[in-house]
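Accompanying notes for the structure given below.
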Amino acid sequence: MEKTWKKKAGLFLTSQAVSLFGSSLVQYAIIWYITLETQSGVMTTLATLCGFIPQVLISLFAGVWADKYNKKKLIMLADGTIALATLVIAILFLAGFDFIWLLFVVLCIRSFGSGIQTPTVTSFIPEIVPEQHLMRVNGINTTVQSIMLIISPAVSGALLANVELEYIFFVDVITAVIGISVFSFVQVHYQKRDQGKVDYFGAIKEGILYTKNHRFVSRMMIYLVLANILMAPLSILNPLMVTRSFGAEPWYLTLNEMIFFIGNILGGVLISSWGGFKNKIHTIGLGCLLCGVFSVLMGLPLGFVVYLVWMALTGLTMPMVNTPFITLFQEHVDPDKQGRVFSLISVITGAVMPLAMVFFGPLADYVKIEYILIATGLLFMAGSFFLVRDKVFQELAHKGGIPAQEQPAEPGAQE
């Protein structure tokens with residue numbers, strides 16, 4: 001039995017790693033190509049929005065599909081659709097139709113596919129991994145994703161410097177075929193649900209009500225929103241801080257990104273081998289506390305090398321927060337609601353941070369970014385204490401299970 005689930009998890013993680021590598025590589029190539037060809041801030045912004053807005057818009061519907069239909073087929077269909085759209089664009093470019101607007105179209109299609117894939121993949125893992133091993137498998141998944149996100153931009157940059165964009169597109173097509181082929185060997189028992197006409201808005205409303213009325217889930221969502229707001233300066237403003245404080249050298253920015261992801265990899269290895277505290281909230285609290293400490297230290301004028309040390313350690317703390325957070329949701333959300341709950345998480349993480357930058361971005365033109373990092377770091381540290389002392393989470397720990405919840409009223413969606 002143990003060998004069976006390990007084999008399934010291994011095949012699944014391998015398939016997703018291969019697919020992520022190709023998809024991420026091509027995504028970087030498209031964005032950089034648009035940036036280099038147009039050298040326009042407006043066009044670069046449009047490309048970013050095309051890669052972001054469709055994913056947010058489709059996520060809520062994707063959550064309904066993940067709860068209603070076969071998750072394995074849904075993941076394969078999303079991956080295949082992204083690859084097919086990329087193949088069509090490659091053929092059009094080879095035929096001489098190398099219009100920039102076509103790249104915006106394919107970015108939108110790829111974003112829709114990612115919006116379907118992300119919540120479905122997260123809610124699929126508990127179907128093949130026993131509950132007691134979820135933390136370690138999620139940690140391994142985090143590590144693998146971080147490795148792919150280090151390798152893919154480096155390979156993408158090398159290819160873009162030496163190969164025409166239309167040939168780079170085929171990398172995504174090939175990796176998608178490999179990923180789907182590997183994933184096809186993962187055998188999962190699918191419990192067929194009622195697939196009659198679905199009231200999508202009713203089902204979405206049901207997921208929102210479930211989240212709202214579920215004491216544990218709703219409380220975690222509040223902390224998720226606050227954490228994303230406080231993480232916005234650290235995630236988005238630090239390249240600007242590096243440029244202003246240490247110099248406008250490209251290799252500074254490259255080191256800044258690479259060091260963070262290296263820390264992320266080490267953090268993933270740590271959490272997958274250690275498994276965290278028995279009380280996962282304490283693991284999240286420790287991660288938040290350390291993240292706040294390192295954010296404060298990054299705001300101190302101690303030189304670029306010391307700054308990179310704090311950046312690496314910040315990357316190391318991220319899996320201590322993200323992995324137990326996702327694991328708790330996988331453990332405690334009803335299986336037939338996980339798709340919708342994880343789609344809400346995708347919407348929150350996708351929307352809150354950019355919205356927070358509406359405040360922090362202009363503020364950074366009037367206040368030193370170092371001061372912003374110190375302030376948000378202190379708030380992060382304070383938040384970690386509120387988190388571990390929260391009565392809802394203490395109740396969870398004492399009962400050894402999920403806190404009592406009010407059942408949401410059924411809004412008419414079919415189950």
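Yeah, the Cβs are placed from backbone N, Cα and C, and that goes for glycine too.
Unlike curated records, TrEMBL annotations are generated automatically.
Residues or ranges marked as domain 'Major facilitator superfamily (MFS) profile' by TrEMBL: 1-191.
Marked as transmembrane segment by TrEMBL: 12-35 (among others).
Annotation comment: TrEMBL describes 41-62 (among others) as transmembrane segment.
The transmembrane segment annotation in TrEMBL covers 167-186 (among others). Packing against the transmembrane segment (167-186) from elsewhere in the chain are residues 8, 11-12, 14-16, 18-19, 21-23, 25-26, 29, 72, 75-76, 79-80, 82-83, 86-87, 89-90, 93, 128, 156, 159-160: each is 6 or more residues past its ends and has a CB under 8 Å from a CB in it.
The annotation transmembrane segment is assigned in TrEMBL to 220-238 (among others). Among residues of the same chain six or more beyond the transmembrane segment (220-238), those with a C-beta under 8 A of the stretch's C-beta atoms are 211, 256, 288, 291, 295, 298, 311, 314, 321, 325, 328-329, 344-345, 348-349, 352-353, 356-357, 360-361, 364, 369, 372-373, 376, 379-380, 383, 387.
The transmembrane segment feature in TrEMBL is assigned to 258-277 (among others). Tertiary proximity for the transmembrane segment (258-277) is limited to same-chain residues at least six positions away from its ends with a CB under 8 Å from its CB atoms, namely 135-144, 146-147, 149-150, 283, 286, 308, 311-320, 323-324.
Taken from TrEMBL, the feature transmembrane segment applies to 284-302 (among others).
Here the transmembrane segment (308-329) has Cβ contacts under 8 Å with residues 122, 134-135, 138-139, 142-143, 216-217, 220, 224, 227, 234, 238, 255-256, 259-264, 266-268, 270-272, 276, 280-281, 283-284, 286-288, 290-291, 294-295, 297-298, 338, 341-342, 345 of the same chain, all six or more residues outside its ends. Among the features that TrEMBL reports, transmembrane segment is placed at 308-329 (among others).
If you look up TrEMBL, you'll see 341-363 (among others) marked as transmembrane segment.
Marked as transmembrane segment by TrEMBL: 369-388 (among others). Remote same-chain residues near the transmembrane segment (369-388) are listed as 223, 226-227, 230-231, 233-234, 237-238, 240-241, 244-245, 281-282, 284-286, 288-289, 291-301, 360, 363 (criterion: CB distance under 8 Å, separation of at least six residues from the stretch ends).
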Next on the checklist: How about long-range neighbours of the transmembrane segment (41-62): same chain, 6 or more residues beyond its ends, C-beta under 8 Å?
Outcome noted: 27, 30-31, 34-35, 100, 103-104, 107-112, 114-116, 118-120, 200, 204, 207, 339-340, 343-344, 346-347, 350-351, 354
Checklist entry - Near the transmembrane segment (284-302), which same-chain residues lie under 8 Å Cβ to Cβ, leaving out any that are not at least 6 residues past its ends? => result 227, 234, 238, 245, 277, 310-311, 313-314, 317-321, 324-325, 369-374, 376-385, 387-388
Checklist outcome for this item: Per the Cβ under 8 Å criterion, with at least 6 residues separating them from its ends, the transmembrane segment (341-363) contacts 52, 55-56, 59-64, 66, 115, 118-119, 122-123, 207-208, 210-211, 217, 221, 224-225, 228-229, 231-233, 235-237, 329, 333, 372
